[in-house]
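Chemist: Below is a structure I'd like to ask you about.
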Amino acid sequence: MNWTLALPEIVLALCGLAILVFGVVQKKEQPFLSCSMLTIGAFVLTGFLVVMSPDGVGYNHIFVNDDFARFMKILSLAGGAFATMLTVGYARNMKVERFEFPVLLLFSTLGAMMMASSENLMTLFIGLELSSLAIYILCAFARDEVRGGEAGLKYFVLGSLASGLLLYGSSLVYGYAGTMEYGGIQMALSTSSTAVPMGLMFGIVFMLAGLTFKLSAVPFHMWTPDVYQGAPTSVTAYMAGAPKFAAFALLLRVMAGPFGHVAPQWQILVEGVSMLSMLFGSLAAIPQTDIKRLMAYSSIGHMGYALMGLCAGTAEGMRGTLVYLTTYLLMNVGAFAVIIAMRRKGREVTGIADLAGLGKTDPGLATAMAIFMFSMAGAPPLAGFFGKMMVFYAAINAHLFGLAAIGVVSSVIGGYYYVRIVKVMFFDDAAAPLDRRPLSLSFVSVGMGIATTGFLLVLGPVSSAAQAAAQALFR
């Protein structure tokens, strides 16, 4: 057994336990800052170990490490590190200044990494629950906020239902395939001389339902707006990133691997989910006046675009999805850095109208937000354009012309509410200026703005890494 396959996960878990003990024994009343810095350091160290980790399958065929797993782990670690950085500046204002907060982010990211390396239905579920349980607590971490408690409870109840659907679907697949290993399931389906049993198809549908819930894709999106609005904003930024990357890692690996031989049966379902997510996300965001709710509906639409690559069912489509998720990370983290900076007299303001005149009172922050909004709309030459271009090309090459057409229409509709935010910032009468923001938020917003604007310079290496990751799914 090659234990080095899981060395990044082992190190991250040990770091999490060490930081937890450090926080308990610290004599400071609130060792939040030191624990946050240690958590970011643990993410960086784990990232280096992920890059250096070898390929292989180990631990009795329940854990796999390949180019795809490494790609998704790096995305998840980046999402966790950026969420921790976003928390540092405003932890006291958001009432989350307790050392357990970064530790929970760390263990949630650990679960996301386990999901990316899952090669067995059991590790799939364990990784999913490790990630989800930490997020349930994080959503309700601001105990004095009524909306935070409501968000945590709502996400817990609906998330438990989704986990039950996933577990029931997994049990059906295990019952019909006779094994929990992905390779064994794939062999059972590929060597079957009869039609695919209806019970097995029900199992696939239930698993698909559980995973699309984690993606906030239609029709399992109902929790997203309320939870995004009620949770602490840095938690919302995290939820919009790492957990979705992990769910996509599971979805792509399971659908391309063990269920690849029954692709015609599930592709039509995924295509419908993608269409509905794009249209609903774009249309429902138009009347929103709260920017966190708008970002929630926007994320529903973005997951629809990312699912287009899976609908294609090709390595080109998977590559498009991975590049899209990379660009989504940059845009999402940057936009939430601006949203966290929206404070007046120490109080959080999340109304779109509160951005009025930001171009006059804080032109740097307004310019960064404009970059992220135009990128989410898919305007060239920003990062979001290249992500959409790749998934659209993959859909067209797979002859999914209707899906591609709906994607274009949804992008045009979505452009309206993104441009509306830019209009409010630069052309409306100025509101009272926002509070001075900490250096960490300026660092993240500027860094993400530069990365989003100059993504073309790294498109080649990112696309090559995504291509290698996609090819690993079809070996």
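Glycine is treated like the rest: Cβ placed from N, Cα and C.
The transmembrane segment annotation in Swiss-Prot covers 5-25, 32-52, 71-91, 99-119, 121-141, 155-175, 193-213, 232-252, 322-342, 366-386, 389-409, 439-459 (among others).
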Chemist: Please check if the transmembrane segment (322-342) comes into contact with the transmembrane segment (121-141), where contact means 3 or more CB pairs closer than 8 Å and the residues in each pair are separated by 6 or more positions.
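Modeler: Output no: the transmembrane segment (322-342) is apart from the transmembrane segment (121-141).
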Chemist: Do we see three or more Cβ pairs under 8 Å linking the transmembrane segment (99-119) and the transmembrane segment (32-52), pairs being at least 6 apart in sequence?
Modeler: yes
Chemist: Between the stretches 32-52, 71-91, 121-141, 193-213, 439-459, which one has more Cβ pairs under 8 Å with the transmembrane segment (232-252) than any other?
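Modeler: By the under-8 Å Cβ criterion, the transmembrane segment (232-252) pairs most with 71-91.
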Chemist: Other than its close neighbours in sequence, what residues sit by the transmembrane segment (32-52), given a CB gap under 8 Å and a spacing of at least six beyond its ends?
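Modeler: Non-local partners: 7-8, 11-12, 15-16, 19, 22-23, 26, 70, 73-74, 77-78, 80-81, 84-85, 87-88, 91, 97-99, 101-103, 105-106, 109, 113.
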Chemist: Is it the case that the transmembrane segment (439-459) and the transmembrane segment (193-213) touch, counting contact as three or more CB pairs under 8 Å in which the residues of each pair are 6 or more positions apart?
Modeler: no
Chemist: Cβ under 8 Å to the transmembrane segment (121-141), counting only same-chain residues 6 or more beyond its ends: which ones?
Modeler: 62-63, 95-96, 98, 101, 104-105, 107-115, 148-149, 151-153, 155-156, 159, 163, 166-167, 170, 173-174, 180, 214, 227, 230-232, 235, 238-239, 242-243, 246, 250, 254
